[in-house]
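Peer 1: Just dropping this structure here.
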Amino acid sequence: MRVLTRSLEVWRLGVLNYLEALKLQEKLVTDRKSGKITDTLLSLQHPPTYTLGKRQTVHNLLVSESQLKSMGAELHYTQRGGDITYHGPHQAILYPIISLRDIGFGARKYVETLELTMIELASLHGVKAHAGESGETGVWVGERKIGAIGVRISSGITSHGVAFNIDPDLSYFEHIVPCGIADKEVTSLKREVDSDLPAEELIHEQLISCFVRLFGYNNVIWKDNPSLCDQQS
């Protein structure tokens, strides 16, 4: 029986400014819609950055923009779903640019599979995580949020994605109502495990591996720091 080949390009981009990542995603979404590229997964980290979803719930930002600048953090408005969130060093971010039609996923199954991707990563380190209650997107350990989800789907093509807290400075979350859910803590893998974590690069690879398996890709092409200038031209 012939096995259908499902290919995914994985781009390991290191630390990338949020606006650069946003511009790159927009270009790749256009290319994916036109069939110029295959499904693509961006793996990266951002400098300290706060982002708002398309509902622009600024009231969940608890400090002024001038205070953010003094902290060395940026604020950006996006067209993804979800509420305000924080991105920063020691956080694993995945931005899938994939065709839901090609893999036969609806929006709900897509988000649920993203949640499972982070749940499986946590379980590899002995942490029991779970999806949120109704209206609470993302992944939780008890009442503490360890992974955030904010996606955009345009003509069946995805962008934005997930952010999993490996060991970020959690004090940055004190300046927002994370994902618009009050009275809930934010946690990290480092805080939840009893032993030392492996190298962050390995944890990023584990997250990618969970994604690849759960979304059913059997041909993975790896690219380390591909030329962003070429892609954005």
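Glycine too: its Cβ is placed from the backbone N, Cα and C atoms.
Annotation source TrEMBL lists domain 'BPL/LPL catalytic' at 35-219. Feature annotation from TrEMBL assigns substrate binding site to Arg80, Gly81, Gly82, Asp83, Ile84, Thr85, Tyr86, His87, Ala148, Ile149, Gly150, Gly161, Val162, Ala163. According to TrEMBL, the feature site 'Lowers pKa of active site Cys' maps to Lys145. Residues or ranges marked as active site, acyl-thioester intermediate by TrEMBL: Cys179.
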Peer 1: Taking each of the recorded positions Arg80, Lys145 in turn and counting other Cβ atoms within 10 Å of its Cβ, which one has the fewest?
Peer 2: Arg80
Peer 1: Please work out the number of neighbouring Cβ atoms within 10 Å of the Cβ of Tyr86 (substrate binding site), leaving out its own Cβ.
Peer 2: 25
Peer 1: Take the Cβ of Gly150 (substrate binding site) and count every other Cβ within 10 Å, whichever protein chain it belongs to.
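Peer 2: There are 23 of them.
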Peer 1: For Val162 (substrate binding site), what is the tally of other C-beta atoms lying within 10 angstroms of its C-beta?
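Peer 2: Neighbour count, Cβ to Cβ under the 10 Å cut-off: 24.
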Peer 1: How many Å separate the Cα atoms of Ile84 (substrate binding site) and Lys145 (site 'Lowers pKa of active site Cys')?
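Peer 2: Distance (Cα to Cα, whole Å): 14 Å.
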Peer 1: Counting every protein chain present, what is the number of Cβ atoms, excluding its own, within 10 Å of the Cβ of Ala148 (substrate binding site)?
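Peer 2: By my count, 26.
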